[in-house]
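> Residues annotated as FAD binding site in Swiss-Prot, with experimental evidence given as evidence: Val14, Phe15, Asp38, Asn53, Ala57, Asn58, Arg63, Val64, Val211, Phe447, Lys448. Taken from Swiss-Prot, the feature S-8alpha-FAD cysteine applies to Cys414, supported by experimental evidence.
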Amino acid sequence: MSIPNSFIIVGSGVFGLSLAYALSLDDRFADKKIILVDRWNFEPPNATGSVHNPAAANADTSRVIRRDYPHGPYASLALEAMKHWRGKFGENNRYVNQRLLFSGEGSSLTTPPKALETVNYIKKAYAISCELTPGGRDAVQVLDSLDEVRAFLGNTPSHPPHLPVNKDPAARDLRGYVSNDCGWADAGASIEWLRQEVLRLGRVECVVGEVESLVYSDDQRAVKGVKLVDGKVLTAELTVIAAGARSSHILGIPKLCDVYSEFVAYIQLTKEEADELRRRQWPILVNCHRGVFAVGPDHDNCLKFGHFSYSGIVDVLREASIQVPTRPDGWEAQQKYWSDPRFAFGGEVKVSALGDVDDYENPAAQRALADYRLFLLELLGPTGLQGVDTLGLDQSDNLLNNIANRPFTRVRKCWYNDTPALDFVVDYHPSYGKTLFVATGGCDHAFKFLPIIGEKTLALILRNRGDSAVSLPAGVEPSLEELSELWRFPVELLQDN
């Protein structure tokens, strides 16, 4: 089967924009029609460049870029993407190197995994990290207790210094390791830059419009394009649905992705405080036991706190041999959002001057802020029993203690788009020949692969059309065959539809 003569890509996010970029760089598509559709106007009048949607998921100020995964294929992809983040994609401070402190709770990292321990997720990631890191295990620093973690951060032990320390490797404790091969990216700036690159290459027609429905052939066996809400019809040989949280709705497959929101909070630092943390080579903090992470200081001198997505929590608990059911308020509940024009575009949440959520009828927000506060106090808070009796051994770090108790200055919602298998869906829809391709289900981590996900998607588009000549460069892992299986379309969902 020949390569498509025309494309419609629905969605100018991670999957869609990166695919448009890959097509623009490939001479085989120099004379092909490529249309990129998004309901957000990235190039409004009088703008000097592209402007990202400030409430979209990809508007994040500091998205974690890590290669530390407990799953080999994603670890390999992240390692490949990291090279690009440290090159062209990360120029002009779009990417910032920051080491990662990756932790969980349970027995020592030097012992085998045990059931019901979240540190299993860390142990698996640690083993892969040792394989990928030059120098192996000797080059990866292990922090095998909460006290070691706090000491690494420059804080005092979590217990009064005159009490004995439990060194039992089987005891439950916070344990982790430090990876130097990580950082964060200004996601909004990255999307704006990539959009400008696509426009500069001049091969893609960008259309502002919201897709109302797919357009089918008379016999319903092929997709001919899309119809916009204003009635305009766009046609192409291949339609690619990469619409993020709206993909399930456009495709009419509610259970393809679970769409929901979580809360992100920020603490403002002074310039002096932020500079001091940078001087200390402050790490990204990830505690998979609490399901909480902290990134920064960012370019605005803020620390950002977020929750793992539900899929991320499920992934951690699976490694602990704990089975978790589908979210009880999952797929069906999302339907009420489809008519809301703000759907999947996040949104600000009002907070008081003291950092409390103004909407006191929002228990989810209150729980999120409580989780972040506990996370902070555990790592950065003052030593227990300080102020009672520390036998004159008080060595508390006022900077860290102050941050641990500081009000949150900003809270926002961000949307997640999880697949049941917790893997992306990058494959042809099986019901329409080779006329409808799906690229969605970012599961809270697709942005890490922004520099390479487009070329992988294009390779799968061509390979699955029967082009046996399509391959990745020698030595690149995972192979196209592995990706094709990992990101296959879940045909079983069509039986329930």
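Cβ atoms are placed via backbone N, Cα and C, with glycine included.
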> Measuring Cα to Cα, how many angstrom lie between Asp38 (FAD binding site) and Cys414 (S-8alpha-FAD cysteine)?
19
> Here's one to test understanding: among the binding-site residues Val14, Arg63, Val211, Lys448, whose C-alpha is closest in space to the C-alpha of the residue listed as 'S-8alpha-FAD cysteine'?
Arg63
> Take the Cβ of Arg63 (FAD binding site) and count every other Cβ within 10 Å, whichever protein chain it belongs to.
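Its Cβ shell of radius 10 Å holds 24 other Cβ atoms.
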> If you count other Cβ atoms within 10 Å of each one's Cβ, which of the binding-site residues Val14, Val211 has the most?
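In terms of Cβ crowding, the pick is Val14.
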> Three states by DSSP: which one describes Arg63 (FAD binding site)?
strand
> Note down the number of other Cβ atoms within 10 Å of the Cβ of Asp38 (FAD binding site), including every protein chain shown.
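So the Cβ neighbour count for Asp38 (FAD binding site) comes to 24.
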> For Asp38 (FAD binding site), what is the secondary structure state per DSSP, taken as helix, strand or coil?
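SS state of Asp38 (FAD binding site) = strand.
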> Among all the protein chains here, how many other CB atoms are within 10 A of the CB of the residue listed as 'S-8alpha-FAD cysteine'?
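Result for the residue listed as 'S-8alpha-FAD cysteine': 22 neighbouring Cβ atoms inside 10 Å.
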> Who sits close to Lys448 (FAD binding site): which same-chain residues at least 6 apart have their Cβ under 8 Å from its Cβ?
Arg63, Val64, Ile65, Arg66, Ala78, Ala81
